[in-house]
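The following features are taken from TrEMBL:
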type: TRANSMEM; residues: 23-42; note: transmembrane segment
type: TRANSMEM; residues: 49-68; note: transmembrane segment
type: TRANSMEM; residues: 108-127; note: transmembrane segment
type: TRANSMEM; residues: 163-184; note: transmembrane segment
type: TRANSMEM; residues: 237-257; note: transmembrane segment
type: TRANSMEM; residues: 287-310; note: transmembrane segment
type: TRANSMEM; residues: 331-351; note: transmembrane segment
type: TRANSMEM; residues: 363-381; note: transmembrane segment
type: TRANSMEM; residues: 393-415; note: transmembrane segment
type: TRANSMEM; residues: 421-439; note: transmembrane segment
Amino acid sequence: MQTTTTEPTIAHETTLSTTPKKLTLIPLIFLIYFEVAGGPYGEEPAVQAAGPFFALLGFFIFPFIWSIPEALITAELTTAIPGNGGFVLWADRAFGPFWGSLMGTWKFLSGVINIASFPVLCIEYLTKIFPVFDSGWPRYVALLGSSLALSFLNYTGLTIVGYAAVVLAVVSLLPFILMSLIAIPKIHPHRWVSMGQKGVKKDWNLFFNTLFWNLNFWDNVSTLAGEVNKPKKTFPLALLIAVIFTCVSYLIPLFAVTGSVSVDQSLWETGFHAQAAEIIAGKWLKIWIEIGAVLSAIGLFEAQMSSSAYQILGMAEVGMLPKVFGIRSKWFNTPWLGILVSMLIAIAVSYMNFTDIISSANFLYSLGMLLEFAAFIWLRWKSPTMKRPYQIPMKLPLLVIMCLIPSGFLVFIMVIATKTVFLVSGVMTVAGIACFFFIKLCKKKRWAKFYNSQPLNEEDESLTE
């Protein structure tokens with residue numbers, strides 16, 4: 001197969017008798033939803049940190065300054081460079097293979113560390129029903145078993161994962177819809193403008209981190225672009241619907257609970273929605289929301305595992321990783337080695353006390369997003385003729401402003417990081433740089449086989465045609 005164009009053309013090691021099914025609009029919407037949110041689980045600390053008014057205001061305004069810009073950039077660059085690897089390809093195209101590889105390191109490590117938290121969350125909720133999983137070998141076995149089972153589901157195919165995401169979203173969101181409807185007669189609108197309890201100091205660090213982690217990761221789905229049916233048309237529409245759907249799924253339960261339940265502000269910890277459901281409707285709804293939390297964690301695991309695995313596949317397809325990482329399963333056409341590597345790292349991290357490691361993942365993600373914004377602006381400036389099936393309807397100065405606002409927030413998140421986070425993030429970054437030069441050495445010495453592809457930063461516009 002020829003490799004004279006800049007678009008990676010891969011001859012897979014497996015031969016498939018039929019053309020594999022690709023993701024269509026509906027499954028893609030719900031995969032994006034689980035990449036970002038997975039439901040209102042985890043929004044409660046915003047109320048604890050700053051009171052109902054600022055929590056509602058934050059979940060209304062923050063999408064405009066963070067989620068929508070990130071989603072718009074994802075839509076433009078994914079349709080312009082529609083290959084597996086997503087943001088890795090964007091950084092490579094803008095600044096060359098070193099920065100593409102470093103982007104891959106930052107985003108992959110932040111992704112798999114996040115994946116590790118979801119089996120832990122599942123077990124935490126199951127412990128409330130089955131206390132045996134609280135500690136000891138039953139907990140360790142449960143963590144291992146859940147990680148293996150969820151990874152196998154991912155191995156069975158992206159289409160299956162996509163439709164599973166639809167089912168998981170419906171079942172996990174339904175109790176919130178019921179709770180919001182039942183709460184209507186009990187709502188007192190004046191509670192929505194409460195600035196919080198008197199004497200309670202506002203925790204802006206917790207507030208902004210809660211907003212950040214509930215409304216980011218819109219670009220993760222870009223690593224699946226090569227698996228989407230008609231990506232140039234499907235991606236912009238899917239992202240638009242997902243943004244609206246995600247914001248509504250956060251705001252409606254928050255309006256319902258803050259308006260109908262009056263409790264001490266300190267009780268608004270992660271998981272308080274289940275307690276509120278019991279106050280509003282009874283224990284049956286509390287149990288349903290707790291079950292929904294487990295299902296949501298499963299959806300989050302599957303969506304982010306898919307992104308990490310296909311990122312590895314995409315990096316192999318453009319020669320950033322050895323050819324073996326681009327091999328797909330003979331039965332399911334999935335990147336089995338990418339799934340395996342992601343799963344093993346996630347399992348290892350899930351057994352750690354990883355508060356600082358997760359904070360480091362946040363730091364690495366912030367670095368990756370700053371590089372992503374820079375790549376977007378650079379490509380608009382240096383490659384104005386590049387074919388863009390979807391293009392944000394703004395001139396360059398406005399685009400710079402659009403990127404500067406969330407970039408300022410990212411810098412703030414990084415500045416408040418602890419020394420440990422700086423150290424761990426620095427070690428991970430150095431490891432990524434070392435990996436890039438080791439891969440170059442492997443190519444030079446022919447220690448491993450690589451797919452051939454021309455550098456994506458060349459000014460050949462055929463990549464997007």
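Here the Cβ of each residue, glycine as well, is placed from N, Cα and C on the backbone.
Note that the structure is predicted; figures quoted are calculated from it, not measured.
Within its own chain, the transmembrane segment (49-68) has Cβ neighbours under 8 Å at 36, 43, 191-197, 200, 202-204, 206-207, 210-212, 214-216, 218, 243, 246-247, 250-251, 254-255, 258, 265, 405-406, 409, counting only residues six or more beyond its boundaries. Here the transmembrane segment (23-42) does not lie next to the transmembrane segment (393-415) in space: the count of CB pairs under 8 Å, restricted to residues six or more apart, is fewer than 3.
Tertiary proximity for the transmembrane segment (163-184) is limited to same-chain residues at least six positions away from its ends with a CB under 8 Å from its CB atoms, namely 26-27, 30-31, 33-34, 38-40, 153, 249, 252-253, 255-257, 259-261, 273, 276-277, 280-281, 285, 288-289, 292-293, 295-296, 298-299, 302-303.
Highest Cβ pair count under 8 Å relative to the transmembrane segment (393-415), across stretches 237-257, 363-381, 421-439: 363-381.
Cβ atoms under 8 Å from those of the transmembrane segment (421-439) belong to residues 97-98, 101-102, 104-106, 109, 320-322, 356-357, 359-360, 363-364, 367 of the same chain, restricted to positions at least 6 beyond its ends.
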